[in-house]
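Participant: Swiss-Prot lists 25-44, 58-77, 103-121, 144-163, 170-192, 216-233 with the feature transmembrane segment.
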Amino acid sequence: MPIRNIAVGSHQEVYHPGALKAALAEFISTLIFVFAGQGSGMAFSKLTGGGATTPAGLIAAAVAHAFALFVAVSVGANISGGHVNPAVTFGAFVGGNITLFRGLLYWIAQLLGSTVACFLLRFSTGGLATGTFGLTGVSVWEALVLEIVMTFGLVYTVYATAVDPKKGSLGTIAPIAIGFIVGANILVGGAFDGASMNPAVSFGPALVSWSWESQWVYWVGPLIGGGLAGVIYEVLFISHTHEQLPTTDY
């Protein structure tokens, strides 16, 4: 059971060179992802005169985020696991695959990466505002359910393709599968709540623009969805090896 595998770890872990390198990898991967994802939306809006919220803008956002996440996960996979998302890190924690202290280190790196990406975008685009997440035609509770379900699908995909020790050669396509599910979910939820699935992705633009409306939805929803996916996959589908009982010949 994952609850028995959950580990707090030691505070000294945050100073370990391996943990610091992993955190740096998360910072860089998240910066790459947010810069490309947010930047594509800003560029599309500039070229179309505010058309980022049109059907074409939604498709462009889905494709850009899918490609960017594919790259971000790939470049970080061998160093940190390529989480690029506090909800993925939380799902790994509740499944017993990362310690609390290392997970918190990842969170800090991911939030910093998103924030720096948004500041860089604002500076390099002549002061254009980064796109913040908001609700359109749905209540906060409906948006919360959307974020839970979409993030569940994302973290479940992460477990199936990257975490499961039985994944075999499937692990080679993990970044592609993870990018695809995010792109597909953006097509589903983008028109309603922006389809964050990632607290870091919504935190950076909110901080830079200082716009916190419904921000809690983009934390609570992904963390619930990611946590549920981690526990369910770990409990139901990851087999734990047991020592065979000795046999006696009569």
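Glycine is treated like the rest: Cβ placed from N, Cα and C.
The model shown is predicted, which means the values in this text are computed figures rather than measured ones.
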Participant: Cβ pairs under 8 Å only, please: of the recorded stretches 25-44, 58-77, 103-121, 170-192, 216-233, which one is richest in them relative to the transmembrane segment (144-163)?
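Facilitator: Comparing 25-44, 58-77, 103-121, 170-192, 216-233 against the transmembrane segment (144-163), the winner is 216-233.
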Participant: Per the definition of 3+ C-beta pairs under 8 A with sequence separation of 6 or more, do the transmembrane segment (25-44) and the transmembrane segment (103-121) touch?
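Facilitator: Checked: the transmembrane segment (25-44) vs the transmembrane segment (103-121), in contact.
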Participant: Cβ under 8 Å, sequence separation of at least 6 from the ends of the transmembrane segment (58-77): give me the contacting residues as numbers and ranges.
Facilitator: 25-26, 28-30, 32-33, 36-37, 40-41, 44, 52, 83-84, 162, 174-176, 178-180, 182-184, 186-187, 190-191
